[in-house]
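> Here it is, the structure in full.
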Amino acid sequence: MAHVCIHWFRKGLRLHDNAALMAALKDCKELYPVFILDPYLHHTQVGINRQRFLIGALKDLDCSLRKLNSRLFVLRGKPEDVFPKLFNMWNVTKLTYEYDTEPYSLRRDEKVASLAKEHGVDVIYKISHTLYNIERIIEENNGKPPLTYKRLQAIVQNLGPPKKPIPAPTLENMRDVKTPHSEKYEDKYRIPTLEELQLDSKFLGEELFPGGEQEALRRLDEHMKRTGWVCSFEKPQTSPNSLSPSTTVLSPYVTFGCLSARTFWWRLTEVYRGRKHSDPPVSLHGQLLWREFFYTCSVGIPNFNKMNQNPVCTQVDWDTNQRNLAAWREARTGFPFIDAIMTQLRQEGWIHHLARHAVACFLTRGDLWISWEEGQKVFEDLLLDGDWALNAGNWQWLSASAFFHQFFRVYSPIAFGKKTDKNGDYIKKYLPLLKKFPPQYIYEPWKAPRSVQQAAGCIVGKDYPHPIVQHEQISKKNIQRMKEAYAKRSSDNNESPIKKQGVKRKTPSVIDMLQKKIRKE
């Protein structure tokens, strides 16, 4: 039977290594590539940099599809409201998409799958957003998510290397497949502008990381040519405050699926072959396995993005302080290193992972004692690579709530930045107000004599805020508070959170059963 098929693009915004798209083309006479701007995921609170990246990725995808005599159909609304209309209007018989493990996505896909069934539409989904089938990793670990990176490594070692990526469809694959074009379709289903999404683009800075598959593959090629750099790459040795990124910045492209994680993995394998190279956890392969680690935890641990009722998360009596939270979010803490990082985040949508460590520690256990859930929300809106699973996992790690337990190791908002940038060039770039301060005061402008502040044209307390807290005192107090939270956890559990090796999963839910039933793999 020749199908009329919708391929539903969500995260896998690419043609290469897109198994679900290839499944759509099988026995297909008409193809409708669809993207839905879901108000839940694409609301106006999401940072404008992130929205611009998405629009760029959609334009690139549309351009690639047009080269195959197809196009992208962009709609707005809740998928469960949109699809019944499309099924009827286009006489659809098959729906394909890339599997997504986020709780919201699973609920959404369950609704769409049951609507498809009512309309007699076959549903096929494929796993290609992660290196492995996450459920399989959990099964291999006796039904529990591995809670240490080493354990994850051992499991994937047994599973063997990830599947090899598949090539993008060609004109030959599309030979017997039509995508109906008409003038009314052209305008009705076009990609909206930022202004049409009620976003004001006049304050946007230069686009340092344009969205899209072509840009992702170009950047990947560029990095893979630097064989020495790739082979010797060690994440902790890179600098949080270099003026241009000291890592690949491929993460936004992997997050939106403009670049397949498997393609990245196998390109690295080619570069490593026959050469001496760094190893996980610090190597580039290691970074992709960290992603897999947090994805696995997010699938296997209930309430993964919350403190309450999250079985691996230490329960901490965080303060609620809206004034301090706003100062952190808006780069007004009075600590130039922290404020420069938060300024870069807002302007560019990306910051180095060690810079993320510094501001996350400062917000939570280091200085402000504000819940990691608040930081998670800010990062989700502002980061181009804001990924539900990685964001929740890393915030738990950096607040020493789960995975990492050396809560007594606190990042100094002063000394940490100085290690790699004595002159404060990074601060001068993102906080030009402070650029005339001499290097000995740029991390602590409040210590500069009044005459120095005047000469720099910036008076602390008037032009730039006083420090929001006294780091030396507050960090000691917070270490004590963390110690108490750990002690309480131990007495509640009669065991240390470090030793707790896994959380047995509950029996499969209806969603799990339904997802297994409709998977055609």
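Glycine is no exception: its Cβ is also placed from the backbone N, Cα and C atoms.
So TrEMBL says this about it:
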- 3-131: domain 'Photolyase/cryptochrome alpha/beta' (DOMAIN)
- 247-251, 287-294, 385-387: FAD binding site (BINDING)
- TRP318: site 'Electron transfer via tryptophanyl radical' (SITE)
- TRP372: site 'Electron transfer via tryptophanyl radical' (SITE)
- TRP395: site 'Electron transfer via tryptophanyl radical' (SITE)
- 484-521: region 'Disordered' (REGION)
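Where in this structure would I find these features, and how exposed are they?
Around the Cβ of VAL249 (FAD binding site), 18 further Cβ atoms fall within 10 Å across all displayed protein chains.
The 10 Å shell around the Cβ of TRP318 (site 'Electron transfer via tryptophanyl radical') contains 21 further Cβ atoms across the protein chains shown.
Under a cutoff of 8 A between CB atoms, and with a sequence separation of 6+ in the same chain, the neighbours of TRP372 (site 'Electron transfer via tryptophanyl radical') are MET307, TRP318, ALA360, LEU363, THR364, TRP395, GLN396, LEU398, SER399, SER401.
Cβ contacts within 10 Å of TRP395 (site 'Electron transfer via tryptophanyl radical'), excluding its own Cβ and spanning all protein chains shown: 25.
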> Just how many other Cβ atoms lie inside 10 Å of the Cβ on PHE294 (FAD binding site)?
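PHE294 (FAD binding site): 24 neighbouring Cβ atoms within 10 Å.
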> Could you tell me the mean pLDDT over the domain 'Photolyase/cryptochrome alpha/beta' (3-131), as a whole number?
96
